[in-house]
Amino acid sequence: MKQRALFLDRDGVINIDHGYVHKPEDFDFVNGIFELIAAAKKNGYLIVIVTNQAGIGRGYYTEADFHKLMNWVRQQIVQQGGEIDAIYYCPDHPEHGIGHYRRDSEFRKPGPGMLFQAQRELDLDLAASIFVGDNTSDMLAGQAAGVGTLLHIGRESSEGPGTAIRKLDDALAYLIAKSQ
Ligand SMILES: [Mg+2]
């Protein structure tokens, strides 16, 4: 049976987006993220992070730095009763990437590449899945992939795909309602 996922953008959803975060000391968890992940796991969702990491392509930090930080993030989440099932990231940037990182990529949101890769590798039901993001590019990627519930946290205007929410507690409410 196909599984459903809670897709999470990273910067601005899991951690406060200070810009190109790549160290634990700069990684401030957003209020409510541990509760959201724990509740999603309890309700049978796989937790999948999908994150653009052009800071790698720009040369601000390396893929090794990224993996080291994410191992630390995984540990923090486990300590809070949750678990991350998979992490997908795109290091490329079409203009500012250095060397082979300079390219157009379907994997870079708003492209749906990371979501489709997750669907294949984890056998996901995208229509039954939820995506929480803080950028229009997240919503466009989710829309292009056919993710059933798109939640846009902190959106200023009423424009664009997805449902605007103010905080992660609101995402939790959607998840609980959908799971009943
Ligand atoms: Mg973001």
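Quick reminder: no glycine exception, Cβ is built from N, Cα and C everywhere.
Within Asp123, Asp125, Asp134, the residue that TrEMBL lists together with Asp9, Asp11 for binding Mg(2+) is Asp134. For the pair Asp11 (Mg(2+) binding site) and Thr51 (site 'Stabilizes the phosphoryl group'), the Cα-Cα distance reads 8 Å. Listed in sequence order, the recorded positions from Asp9, Thr51, Cys90, Arg108, Lys109 having a Cα within 10 Å of the Cα of Asp134 (Mg(2+) binding site) are Asp9. Proximity to ligand 1 (Cβ under 6 Å from any of its atoms) holds for these recorded positions out of Asp9, Asp11, Thr51, Cys90, Arg108, Lys109: Asp9, Asp11. The Cβ neighbour count for Asp11 (Mg(2+) binding site), using a 10 Å radius and every protein chain shown, is 20. When the recorded positions Asp9, Asp134 are compared by the number of other C-beta atoms lying within 10 angstroms of their own C-beta, Asp134 comes out lowest. The Cβ of Lys109 (site 'Stabilizes the phosphoryl group') lies under 8 Å from the Cβ of Asp9, Val50, Asn52, Cys90, Gly133, Asn135, Ser137, Asp138, Leu140, Ala141, each on the same chain and at least six residues away in sequence.
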